[in-house]
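S.K.: These came from Swiss-Prot, pasted as-is:
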type: BINDING; residues: 18, 20, 45, 66, 91, 118; note: S-adenosyl-L-methionine binding site
């Protein structure tokens, strides 16, 4: 028996496909999303429809973004949902969700998008950060991710899980774990445990920075040398006196600072940039 085949479709490794089939888990996720009839829901990576079907039954319309041509075609001809599904066959990493928001006239309707999905684990982090660019257009997001990634997203200061990913995610969103999911809930079963997370974009950013490049840069430099004191880890960006003036304990390490601390450092760097600035780095690359 082919462990990679489910409902007549063979999982494709290049798309990171693991199909959810546990009904208890599916019910738990749909309950967490709590879709309402007239809301604008967008599913990323619907796959074989494990979440698409129960969510689609509860709403007037559902938009799905699917890269796999065969799966997109199956959804277009779904036996009872085809009339209420819009299938966008494209790479979600390249898709303009802001244009989708505008095309649906959601601002006029005083609505925002609700996004959910069982994300391919190999692109989950950059995909989330692509979506954060559209945080003003999104009401909330529910994603299936690796359990370790969810721990990092939800972590607080002074913990091993706390890192650059934590700070950048919580800068944009309130982050809450929803439920844990064992490998047996998927076909083929992944080699890691999974979990569902809820991300709710802040209506007003609690710690706004003037330039996201500098928030990413200072977090990257601090956490890439997380065993060093900040005095040493950030020595190419700040002098010891400057850190002290900014209220930073010179003996602290990267995991000891709050998001507010990092935002303060980033805003200082925006106003006082070092001479050797290279802004070609991308915010999406956030593996600690």
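Using the three backbone atoms N, Cα and C, a Cβ is placed for every residue, glycine included.
Can you tell me where each of these features sits in this structure?
M.R.: Using a 10 Å radius centred on the Cβ of residue 20 (S-adenosyl-L-methionine binding site) and all shown protein chains, the other Cβ atoms total 21.
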S.K.: Using the structure shown, find which entry in 66, 91 (the binding-site residues) has the sparsest Cβ neighbourhood within 10 Å.
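M.R.: With the binding-site residues 66, 91, fewest surrounding Cβ atoms within 10 Å: 91.
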